[in-house]
């Protein structure tokens with residue numbers, strides 16, 4: 001465990017060491033409001049995990065794709081090793097990409113997922129709200145599962161997109177269940193119509209397609225179950241000590257709880273620690289405001305590991321700076337005396 005001294009009143013350790021120690025974790029999501037240091041935190045956590053795990057994959061699901069900027073290295077849809085590491089890889093994907101893009105890029109792989117539906121069935125499938133994005137998410141999960149990494153860290157999009165991203169498995173399950181119900185009611189008629197029009201691509205019939213979709217539903221159901229298992233999945237909230245960020249964090253934690261997704265760690269970034277002899281009035285005023293919201297965080301989340309990270313004088317970009325920042329996730333920053 002960390003060398004930090006834990007107070008005698010059993011306040012939880014102000015580090016992410018417990019996440020590193022939890023060897024059963026398979027999925028780790030890092031999320032928060034835009035501009036709070038979410039990508040820096042996810043990169044830093046992945047670096048720490050790479051010290052204790054055989055293989056780590058860092059995935060950006062944020063359309064802004066800041067991983068490339070953080071490490072100074074270009075990443076894309078295929079996982080590639082991060083320079084200077086032999087067990088830490090990264091990739092940048094967009095789970096909200098249209099299914100048309102996926103089908104154009106996926107070829108046979110898309111067929112295997114059950115996407116060879118033909119125009120009519122595509123229209124039927126995508127008439128269900130959220131299924132377009134959920135199918136894209138399914139493709140992402142299939143890629144990730146096939147890569148066999150020991151632990152996967154998701155650098156998620158800003159708060160609203162994060163929560164929608166985590167709903168995808170449930171949305172897809174409901175959508176496929178609805179399609180299955182429709183097929184049982186209208187299957188014979190649809191088969192007749194499709195037969196008259198030359199059938200589905202590859203000589204498939206409707207039953208073949210629905211069988212593939214049922215297989216897909218089972219895969220998504222399995223992942224959904226894993227997401228709700230605290231031994232396998234956790235969510236790290238990132239915020240700053242300001243009202244709007246704290247409000248977003250509380251809303252996010254409530255929603256995560258409603259999805260039965262574990263969350264027990266909060267990283268508070270960009271904290272000011274002016275020395276007692278500081279002549280910076282703005283720094284002192286901001287520190288006073290931050291202390292107010294830090295106190296609220298400690299009261300609201302007394303059963304969370306709350307990590308306090310300082311505002312640095314330089315951007316945290318590049319391997320060396322990220323490694324220094326990541327060290328403070330497990331060895332708490334010691335501020336000067338105020």
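One-based numbering along the chain as shown.
Glycine residues also receive a Cβ, built from the backbone N, Cα and C atoms like all the rest.
Within its own chain, residue 37 (ATP binding site) has 238, 240, 267, 269, 270, 309, 316 as residues 6 or more apart in sequence whose C-beta sits under 8 angstroms from its own. What Swiss-Prot lists as ATP binding site is 33, 34, 35, 36, 37, 38, 39, 40, 242, 269, and the listing cites sequence analysis.
As annotated by Swiss-Prot, active site applies to 62. Cβ-based neighbour count (10 Å, all protein chains) for residue 62 (active site) stands at 24.
Positions annotated as Zn(2+) binding site by Swiss-Prot, on the basis of sequence analysis: 280, 283. Every protein chain shown contributes to the tally, and the Cβ of residue 283 (Zn(2+) binding site) ends up with 15 other Cβ atoms within 10 Å.
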Residue 283 (Zn(2+) binding site) to residue 242 (ATP binding site) - Cα separation in whole Å:
14
Using DSSP and collapsing to three states, where does residue 280 (Zn(2+) binding site) fall: helix, strand or coil?
coil
